[in-house]
Amino acid sequence: MHPARRRALVLAVNLGSFITILDISIVNVALPTMQAALRIDMAGLQWVVDAYALFLSAFMLSAGPLGDRYGRKRSWLAGVLLFTAGSALCGLADNLTALLIGRAVQGVAGALLVPGALSLLTQAFPDPKERAQAIGIWASCNAISLIVGPMLGGVLVAHFNWQSIFLINLPVGALAIALGAWSITESAHPEHAAFDPAGQALSVLWLGALTYGLIAAGEHGWAAPEATVALAIAAAGLLAFLWVEHRAARPILPLGLFRDAGFAITNFASFVLGFSAYSSLFFFSLYLQHVQGLSPLATGWQLAPQFAAAGLVSLVFGRLNLRFGLPRLMIAGFAFIGLAMLGMTRFEAHTPYLVSGSLLVLLGLGTGLAVPSTSMAVMATVPRERSGMASATMNALRQTGMTIGIALLGALMSGRAIEALTGSLSRLGAPDAQALARAAITLHELPAQPANAAELAAAALAGGFHAAMLFAGVASLLAALLLLFLARGAKNVLHAA
C-alpha cells in the first residue's frame, strides 16, 4: 500500500474512533440545556447518557465478526455512515423519544466502529513494528477524545446550542467516509468467519440486559425490580449463550480460545482496564466536585494531565515497544495504574494539586501503556482472519468492565460514605441520621444541621472514594501479576505481537 494511502487510512480510522469516544463524554455538559429545551425529567436525562452505553455494549460482541464475514471495509464504512445518521437524528430531535432513538442508532454504529478500527489496523499493518506505531496513535486518539469532549461540548453549547454537540459529527463523519473509501483495501475471510445467528442474538440479549441491570442498580438500588429482573435475564441469557457457543460449528466466540493462557489473561486484563482505569473518570469527577468543591469546568482541567500523559505515551508507543518489548510495557502499564490508584486512597478534601496531579499523570502513563499493549497482545493470540472476532471480544469485555466498575465501585463508594456520614450525624444527635446521610450522599441534599454538614459529607465521600480506589488498584495489580506470569511462561506469544 502506498504511504499516502496508509496515512489516510490511519487518519480515517482515528476520525471514526474520535467521534465514537467523543460522544461518551461530550453529552454531559449539555444535559442542563437539553433538559430545559426538551422539558424532560431527570430520569429521561439519565437515559440520554445511558442509551448510548446500553446499545454500544449490547451489540459489541455480535457486530465484530460481521467485518470478518462480509468485509472489514464495508462493515466499518457502514458504521461511520450509521453513526453520522444517528448524530443527525439527535441534532434534529425535538422531543425525548427522537433523541433516544438517535442515541440508540449511535450506539449500534459504535459497536461496528470500535472493534472495526483495531481489525482494520491489524490487516493494514502486518509488520509488528508498524502495527505498534499505528495502534499507539489510535490509543492516543481515544485518550484525546475523552479530554476534548467536555471542553468542546462546553464551547459548542455556550456559542451555539445543544444540538451542535451532535451536528459537529456530520462533517467529521463525512471526511472519515471519504478517506476510508479511498484508502482502505477490502479484506474478508468468510470461510473462517463466525456464522452464528443464535449466538449473536443471545449476546445482544445478555449484554444488553446486564448493562441495563447495572444502570438500573445504580439509579434505584440493587434490590429494585428493574435491576433484579434485568440481571436475572442477563444470567439466563449468558448460560444460554455459552450453551449455544459450545455447540455452534462457527461461533462468534470460540470458547476453546479461553483455554489458551495468552488469550484468556490478556482479555482478563482488558476487562480490568475497563473496570479500573476507564471507570475511574466517573469517580475522579465526583471526588473533585463533591469533595474538593470544584466546578465542572475546573474539574475538566484538573483531569487533563491524566489524558495528556496517556496521549503522549501512546504517540511514542511504537518506539517504546521496540526498546522494551510488549510484555514489559503491559506489566508496567497495569502496575502504574494500580500504584496510582493505591496512592489515591490518601486523597482528602485539601490534598494539594501537586500530589493529586502527579498521581493522575502516573495513571495516564499507565493507561497510555496498557491500552495499546493489551490490544496488540489480544490480537496476536488469534489468526489475522479472526481479527474482527478478537477485537470485538476484547472491546466487549472492556466496555462491560467499565459498566460493572461504575456500578460496583459506585455502590461501594456510596455505601461506605453513607455509613460514615450516618455515624457522624448520629454522634451529633441528628434525628433519622441514616435518611439524612443517604440524601446527602446520593442526592447531594445537605441537612440544615449540623452547621458543618458539608464538611462531614465531604469527609464521608472521601472515605468512600478511598474504598473504591483500593479495590480498583488491587484489581490492576492482580492483572499485572498475571501478565508477569504469562510473560515468563509464554514469551513467544507476547513477543509475536
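Glycine residues also receive a Cβ, built from the backbone N, Cα and C atoms like all the rest.
Caution: TrEMBL annotation is automatic and unverified by curators.
For the domain 'Major facilitator superfamily (MFS) profile' (9-491), the model's average pLDDT works out to 84. Residues annotated as domain 'Major facilitator superfamily (MFS) profile' in TrEMBL: 9-491.
Summarising the annotation, TrEMBL assigns transmembrane segment to 9-31 (among others).
According to TrEMBL, the transmembrane segment annotation covers 43-64 (among others).
Taken from TrEMBL, the feature transmembrane segment applies to 76-101 (among others).
Annotation source TrEMBL lists transmembrane segment at 137-160 (among others).
Listed by sequence, the residues of this chain that lie at least six past the ends of the transmembrane segment (166-185) yet keep a Cβ under 8 A from its Cβ atoms are 1, 5-6, 8-9, 11-13, 15-16, 18-19, 22-23, 72-73, 76-77, 80-81, 83-84, 87-88, 90-91, 102, 120, 123-124, 152, 156. The annotation transmembrane segment is assigned in TrEMBL to 166-185 (among others).
The transmembrane segment annotation in TrEMBL covers 227-244 (among others).
If you look up TrEMBL, you'll see 265-288 (among others) marked as transmembrane segment. Tertiary proximity for the transmembrane segment (265-288) is limited to same-chain residues at least six positions away from its ends with a CB under 8 Å from its CB atoms, namely 25, 146, 258, 294, 298-299, 302-303, 306, 330, 334, 337-338, 341, 347, 360, 363, 366-367, 370-371, 374-375, 377-378, 381, 393-395, 397-406, 409-410, 413, 461-462, 465, 468-469, 472-473, 475-476, 478-479, 482-483, 485-486.
Per TrEMBL, the feature transmembrane segment maps to 300-317 (among others). For the transmembrane segment (300-317), the residues of the chain that approach it from at least six positions outside its boundaries are 132-133, 135-140, 143-144, 146-147, 150-151, 154, 281, 284-285, 288, 294, 329, 353, 356-357, 360-365, 367-369, 371-373, judged by C-beta separation under 8 angstroms.
The transmembrane segment annotation in TrEMBL covers 329-347 (among others). Cβ atoms under 8 Å from those of the transmembrane segment (329-347) belong to residues 269, 272-273, 276-277, 280, 287, 291, 317, 320-321, 355-356, 359-360, 362-363, 365-371, 373-374, 377, 462, 465-466, 469-470, 472-477, 479-480, 483-484, 487, 494 of the same chain, restricted to positions at least 6 beyond its ends.
Annotation comment: TrEMBL describes 353-379 (among others) as transmembrane segment. For the transmembrane segment (353-379), the list of distant contacts is 118, 122, 131-132, 135-136, 138-140, 142-143, 262-263, 266-267, 269-270, 273, 277, 280, 284, 302-303, 305-314, 317, 320-321, 326, 329-330, 332-341, 343-344, 347, 387, 390-391, 393-394, 476, 493-494, 497: same-chain residues at least six beyond its ends, Cβ to Cβ under 8 Å.
The transmembrane segment feature in TrEMBL is assigned to 400-418 (among others). Residues 53, 57, 207, 210-211, 214-215, 217-218, 222, 270-276, 278-280, 282-283, 286, 434, 437-438, 441-442, 457, 460-461, 463-468, 471-472 of the same chain sit 6 or more residues outside the transmembrane segment (400-418) yet have a Cβ under 8 Å from a Cβ within it.
Residues 261-262, 265-266, 268-269, 272-273, 275-277, 279-280, 283, 286-287, 291, 327-328, 330-331, 334-335, 337-342, 344-347, 366, 405, 409-410, 412-413, 416, 493-494 of the same chain lie 6+ residues outside the transmembrane segment (465-487) yet bring a C-beta within less than 8 angstroms of a C-beta in it. Sequence annotations record features per position, and here TrEMBL assigns transmembrane segment to 465-487 (among others).
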